[in-house]
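S.K.: My questions all concern the structure below.
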Amino acid sequence: MRSTKTIHVISAHAEGEVGDVIVGGVAPPPGDTIWEQSRWIAREQTLRNFVLNEPRGGVFRHVNLLVPPKHPDADAAFIIMEPEDTPPMSGSNSICVSTVLLDSGILPMKEPVTEITLEAPGGLVRVRAECRDGKAERIFVENLPSFAERLDAKLEVEGLGTLTVDTAYGGDSFVIVDAAAMGFALKPDEAHDIARLGVRITNAANAKLGFHHPENPDWRHFSFCLFAGPVERTAEGLRAGAAVAIQPGKVDRSPTGTALSARMAVLHARGQMGLSDRLTAVSLIGSTFSGRILGTTEVGGRPAVLPEISGRAWITGTHQHMLDPSDPWPEGYRLTDTWGAR
């Protein structure tokens with residue numbers, strides 16, 4: 001076999017959402033911080049295109065690049081590449097990365113509990129892994145500070161009329177709509193319509209509401225639309241359905257850890273969730289993430305919460321992505337039959 005490029009990947013999924021991890025073959029990008037390195041990847045695009053575009057990737061795939069940490073307290077660092085964005089943080093991807101690091105032996109596992117610190121582009125996240133028989137069975141992630149931005153904002157969406165939405169940040173930026181008010185019961189056969197409408201709502205929110213992180217001037221758009229199910233109080237705590245539309249038009253198979261963090265921030269801002277509560281988010285495929293609020297803080301003078309999320313991930317395989325020098329599509333390709341819901 002001849003190849004001008006070979007990238008080594010361990011594939012994984014967290015509660016259904018693919019989060020592959022590049023473990024070799026890619027040099028650390030330039031930049032003095034992990035955030036600056038992630039901005040270089042977002043601008044330069046070559047690596048993103050190679051691993052996310054067909055024939056090696058697709059709209060269903062997220063890919064994480066392991067890089068040497070910059071912060072002295074971090075055990076490892078990672079840069080998240082999603083279909084359209086290179087975000088500050090991701091819940092499902094942090095769970096995949098933690099699982100790959102421990103299950104593959106890149107970082108030493110200690111049973112029954114391993115504690116590590118990861119450096120995401122948006123900052124440090126503390127991780128606690130429950131481990132047994134050489135497997136990281138459940139990952140607990142102390143996510144970035146999360147906050148409600150707007151409550152009950154009015155958003156005009158062409159063809160849908162005026163919607164009442166919340167906006168929030170949970171490590172990534174969300175516009176949140178009431179799923180029931182949109183006519184959704186959050187069932188698997190609604191995925192196409194949720195993806196299609198969610199992209200329209202996100203685009204409208206970017207055009208008419210806008211988002212600016214108060215401490216990160218580079219992050220100034222909404223990434224996702226969360227269709228939020230009703231919150232029910234059970235013997236085990238709070239429980240709610242969740243479906244997140246991801247650009248350019250797919251639904252997260254997991255309950256989305258940053259969405260869970262954003263929703264907890266909104267519920268706390270409304271006085272509907274306290275530090276003693278636990279919220280379980282349920283995805284369209286029935287997988288779950290669990291969340292709780294560890295404390296409160298401020299982000300740019302705005303009230304915020306310190307969320308913890310937890311979930312499971314599994315390694316699905318190993319891959320070597322190669323580039324034959326005669327391949328006429330060195331960065332791959334994409335078509336609108338899959339890249340963008342209509």
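Every residue, even glycine, has its Cβ placed from backbone N, Cα and C.
Keep in mind the model is a prediction, meaning the values are calculated, not measured.
Quick paste of what Swiss-Prot says about this protein:
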type     : residues                             : note
ACT_SITE : SER90                                : active site, proton acceptor
BINDING  : GLY91, SER92, ASP252, GLY257, THR258 : substrate binding site
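Describe the structural context of these features.
M.R.: For SER90 (active site, proton acceptor), other Cβ atoms within 10 Å of its Cβ number 32.
In the three-state DSSP assignment, the secondary structure recorded for ASP252 (substrate binding site) is coil. Sequence-distant contacts (6 or more apart, same chain, Cβ under 8 Å) of ASP252 (substrate binding site) comprise GLU17, SER92, ALA243, VAL244, ILE246, ALA259, SER283.
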S.K.: List the residues of the same chain that sit at least 6 positions away from THR258 (substrate binding site) in sequence and have their Cβ under 8 Å from its Cβ, in sequence order, or write 'none'.
M.R.: PRO87, MET89, SER90, GLY91, ASN143, GLY170, GLY171, ASP172, PHE174, PHE224
S.K.: What same-chain residues, at least 6 away in sequence, bring their CB to under 8 Å of the CB of GLY257 (substrate binding site)?
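M.R.: SER90, GLY91, SER92, SER94, ILE95, VAL141, ASN143, GLY170, GLY171, PHE289, GLY291, ILE309, GLY311 - these are the non-local Cβ neighbours of GLY257 (substrate binding site), listed in sequence order.
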S.K.: Look up THR258 (substrate binding site) in the DSSP assignment and report helix, strand or coil.
M.R.: helix
S.K.: Report, as a single number, how many Cβ atoms besides its own are within 10 Å of the Cβ of GLY91 (substrate binding site).
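M.R.: Looking across every protein chain shown, the total is 34.
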S.K.: Could you give the maximum C-alpha to C-alpha distance in Å for the residues GLY91, SER92, ASP252, GLY257, THR258 that bind substrate per the record?
M.R.: 12
S.K.: For GLY91 (substrate binding site), which DSSP three-state class applies?
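M.R.: The residue in question, GLY91 (substrate binding site), is helix (DSSP, three-state).
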S.K.: Count the Cβ atoms, other than its own, that fall within 10 Å of the Cβ of SER92 (substrate binding site), considering every protein chain shown.
M.R.: 32
